[in-house]
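According to TrEMBL, the features are:
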REGION    1-30  region 'Disordered'
REPEAT    24-65  repeat 'WD'
REPEAT    66-105  repeat 'WD'
REPEAT    106-145  repeat 'WD'
REPEAT    176-201  repeat 'WD'
REPEAT    202-243  repeat 'WD'
REPEAT    244-283  repeat 'WD'
REPEAT    324-356  repeat 'WD'
Amino acid sequence: RGAALSCPPPGQRDGRRRVGPEGLRGPPRGINWLSLSPDGQRLLTGSEDGTARLWSTADGQCCALLQGHESYVTFCQLEDEAAFTCSADCTIRRWDVLTGQCLQVYRGHTSIVNRILVANNQLFSSSYDRTARVWSLDKGQISREFQGHRNCVLPLAYSAPWDLPSAPCVEEAVAGGLLVTGSTDGTAKVWQVASGCCHQTLRGHTGAVLCLVLDTPGHTAFTGSTDATIRAWDILSGEQLRVFREHQGSVICLELVNRFVYSGSADRTVKCWLADTGECVRTFTAHRRNVSALKYHAGTLFTGSGDACARAFDAQSGELRRVFRGHTFIINCIQVHGQVLYTASHDGALRLWDVRGLRGAPRPPPPTRSLSRLFSNKVPGEKLQVTVSAVKSSSSRCREKHLLQEQPLQVEQPFQVLCQVLLRPGTTGACGCRKGRVYQRGAFHRAEGTVPEVQAREPP
C-alpha cells in the first residue's frame, strides 16, 4: 500500500520510526493543509494542534517546528524564503524557513482566516468575518480591507497588473491588479487592489461559491457552486459569459489547463469543458462517491474521491488507467510532483504512489507561478514514509513495490474539510444539514459538497 504519514505530538521526536505497509496513526489532531515548495524539495504542513512543520523530502527529516498560533492552522503557503500560515485564532504568521522563527504576525481579522495567497509581493487573506484583506509583507500592516460580502469569504485569486489590458479606460482601475473572491453569499466579487473598491459583483449563482480559477490572459474567472453550475465571467466588465450546467450536484473543485476546465462534483463525476464555449466534451464516471480533489499532470488527470480511492485517467481519451486503493475513508486532497502522487485522506494517512508508466499527452508548459499557489490540496499526516506503492492495472490493489528513499518523512494525521473552510466543532456554522439531519464538522460536508446553512446578514 501507499506510504502513510503520522505525527508525534510537539516535543516528541520519532523521526527514525519505521512505518509499515498499513501506516501509522498519529495523535487525534490532524493536518489541515500541505504546501509544496516550488522545487519540490520541502513540504509545509499546518495542523489541528496549532503548529506547522517544515519537512525535507530528500531525507524525511523535520527541518523546523513552527509554534505560535493559539488555535488550529487552516491553510499554509510555502514560498522560496518564507512560510505563511493562517489560523482560527484570526491571525496570519510569516516564518523563516531556515530557523523556524516567526518573523511577523498579521492581526486584524475578527474571525477564522480561511485562505491566504502570496502574490506580487503582497499577502491576501479571506475570512469568516466577511472580509478579504491585503497586507504589507514586511510591516505586517493592513494595506486594504475589502468589505461587501454578506457572508464568509472562501476562495481567492489574483490577477497582476501586467496580465490586464492597458487601455486608458481601465488602466488606472487595475493599476494594483485585481483580486477575485468567492463567498457563501452566492456571489463573487472583483476588487481593485490599489483603491480597495469593488470593481464588479458577479451575480448569478444560487448557492455558495466553493471554488474559483482564473484565466489571467483572458481576464476570465470560472466559479463553481453548490447550485451545481460553473459560470464564466469577464472580470473587467462583470459580464456573465456562459454557464456550464450538466452537473447534478455541487461543484467542489476546478482545474483549468490548456483551455480546458475540469470540474469535480458531488454527483460522482468529473467533467471536461471547453473553456471558450462551455461545451462538455468528456465525462469521467468511475467514482462511487463524490469527487473531492483534482490535479492535472503531464496528460493525466488524477482524482480523489469519497469512495477512498484515487484514480488516474488519460485526460484526452477519458480512459481509466489506474485505481489507487489503500485508504479507508474519503480522500480530501491530492498532489503530484515528478513521478510521485500524494494522496491525503480523512482516515489519517498520507500515501505516496509511484506513477511511472502512466502514458499521456505531452507535459504542458511549466507553470509561471509557484507550485504552492497552483496546488490547492489538503494533506494529513506527519511521518512521510518513503515506501511507494504501484498498481499494474486499473483494478488491481496497491502493493509495496518501489522504495524511493531510505528514511521516512513524518507527516501529520488527517484534517477535516468543510468545502475548503475549516471550523471548530460547536462554533457557529460548524454543521451542515441534509434531509433534516444535522451533522457536525467532518468528512460529510466534503463528501456531499454541502456548506453550513448560515443566514445572510448585512455587514455591521
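Here the Cβ of each residue, glycine as well, is placed from N, Cα and C on the backbone.
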For the repeat 'WD' (66-105), give the DSSP counts of helix residues, strand residues and coil residues.
0 helix, 23 strand, 17 coil
Let's see if you can do this one: DSSP helix, strand and coil counts over the repeat 'WD' (244-283), in that order.
0 helix, 23 strand, 17 coil
Should anything in the same chain at least six residues away from the repeat 'WD' (66-105) have a Cβ under 8 Å from its Cβ atoms, list it; otherwise answer none.
10, 29, 32-38, 42-54, 111-118, 123, 125, 127, 129, 135, 137-138, 140, 370, 372-373, 422-424
Which residues, given as numbers and ranges, are at least 6 beyond the ends of the repeat 'WD' (176-201) yet have a Cβ under 8 Å from it?
120, 122, 124, 126, 130, 132, 134, 144-146, 148-161, 163-164, 207-212, 214, 221, 223, 225, 227, 233, 235-238, 451-452, 454, 456
Please average pLDDT over the repeat 'WD' (24-65) for the predicted structure.
74
Could you tell me how many residues in the repeat 'WD' (106-145) are helical, how many are strand and how many are coil under DSSP?
0 helix, 25 strand, 15 coil
Which residues, given as numbers and ranges, are at least 6 beyond the ends of the repeat 'WD' (106-145) yet have a Cβ under 8 Å from it?
74-77, 79, 84-88, 90-94, 151-158, 160, 177, 179, 181, 183, 191, 193, 195-196, 369, 373, 420-423, 429, 459
For the repeat 'WD' (202-243), give the DSSP counts of helix residues, strand residues and coil residues.
0 helix, 23 strand, 19 coil
